[in-house]
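Written out below as structure tokens is the structure these notes cover.
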């Protein structure tokens, strides 16, 4: 295990979050150890001062400890082992020490709500990336080698095999989301999965594709299973709340037999009567809003320019339902490459800091250690190790990202909208083969590469001109 995530460091973190008895869950995303906590008043915000910890994001029920790419998974695994061995400690003394500090650190209700999306979607991200990469590589090979869609032979069969994973993922994605969402909101995962499946079924007996539900109306009322992910999230939340209320009044002897049964009946009724139409309206409204922002160059610039701030506050996972809505409405995720420009702006800013700093300075060492992950789309090392501590370069990095977003928005406005072939995927240079458009994969790759180049150059120029004044370059 790397020095930065030694057992001593993890034991210190465990103590400062209130001890094992305060830990509700332990997980990770690509760069962060995510610890769910029972009582946030027991958490010491000075965890971020520990050597090896890049930053800490606090919400009402979760502590996100930023380690960087490749380390978060090892940290989560080691922390889980510690939690399995450690006795529960009395954290009253820690609470008394931290209570006054944390009064100024309360997170907003919006941030708490968006933090739920990390719990729901983070476990799905590796699958999104894998399926998207396979689809992108297969599409690129088919385009370059001019393989017709109806071709026969070993190569077409291999390409179809590579594409089948994304088809399977997006066909049954709502069931995975329903399961995770019900758990995130405090319910039973399988109940959420069953309710989500209602959105997947077909209600037209004449349809030749899909899975017919066996009825076409709900006691005479029409069924319109629109809304997809938006509707499923609402239904999973309702399912978890209803389950909690039912369980409160259910005798223990009947809990196993009747709680889920009653929960499903009530939630399904609400889904058919209220949630499906409501989810459909929200889905259409959200799609309309972001499609118009995407087609507006200045809207694209604003989105790209603000995304790094969302990452800092740990709420960037809240965009994932929007990605899924855009996949349904457009066939590709046009928002993701725009937001990816934020990371490219950071790369440009970091290169400017490297150029302006002394040959043997600590800053150059920091940039060298963080620039490769930044080029590959992992921005936290640059954020927390290079730009954010110096503030001005962070602002100029945001401006560089905004310039890249403006470029992509202008190209879309001129008639070439493009996007990611998956709801979620890697950013940076790794995402190049995942780009697609109505005009094909190669034009989309060219637009994305152009946006990255613009963000690099503008981030470099803005930081050189405005981001290095009165900034510690040692």
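The backbone N, Cα and C atoms fix where each Cβ goes, glycine too.
Database features (Swiss-Prot):
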ACT_SITE  29  active site, phosphocysteine intermediate
DOMAIN    1-89  domain 'PTS EIIB type-1'
DOMAIN    115-474  domain 'PTS EIIC type-1'
TOPO_DOM  145-157  topological domain 'Periplasmic'
TOPO_DOM  202-217  topological domain 'Periplasmic'
TOPO_DOM  282-301  topological domain 'Periplasmic'
TOPO_DOM  356-368  topological domain 'Periplasmic'
TOPO_DOM  415-440  topological domain 'Periplasmic'
TRANSMEM  124-144  transmembrane segment
TRANSMEM  158-178  transmembrane segment
TRANSMEM  181-201  transmembrane segment
TRANSMEM  218-238  transmembrane segment
TRANSMEM  261-281  transmembrane segment
TRANSMEM  302-322  transmembrane segment
TRANSMEM  335-355  transmembrane segment
TRANSMEM  369-389  transmembrane segment
TRANSMEM  394-414  transmembrane segment
TRANSMEM  441-461  transmembrane segment
(message) With helix taken as DSSP H, G or I, strand as E or B and everything else coil, how many residues of the domain 'PTS EIIB type-1' (1-89) land in each class?
(response) 38 helix, 21 strand, 30 coil
(request) Please work out which recorded stretch in 181-201, 335-355, 369-389, 394-414, 441-461 has the most C-beta pairs separated by under 8 angstroms from the transmembrane segment (124-144)? (result) 441-461
(message) Restricting to CB pairs under 8 Å, which listed stretch, 158-178, 218-238, 261-281, 369-389, 394-414, is in contact most with the transmembrane segment (441-461)?
(response) 394-414
(request) Tally the residues of the topological domain 'Periplasmic' (356-368) by DSSP class, grouping H, G and I as helix, E and B as strand, and everything else as coil. (result) 8 helix, 0 strand, 5 coil
(request) Tell me the residue counts in helix, strand and coil for the topological domain 'Periplasmic' (202-217), as DSSP assigns them. (result) 0 helix, 3 strand, 13 coil
(request) Determine how many residues of the topological domain 'Periplasmic' (415-440) DSSP places in helix, in strand and in coil. (result) 7 helix, 6 strand, 13 coil
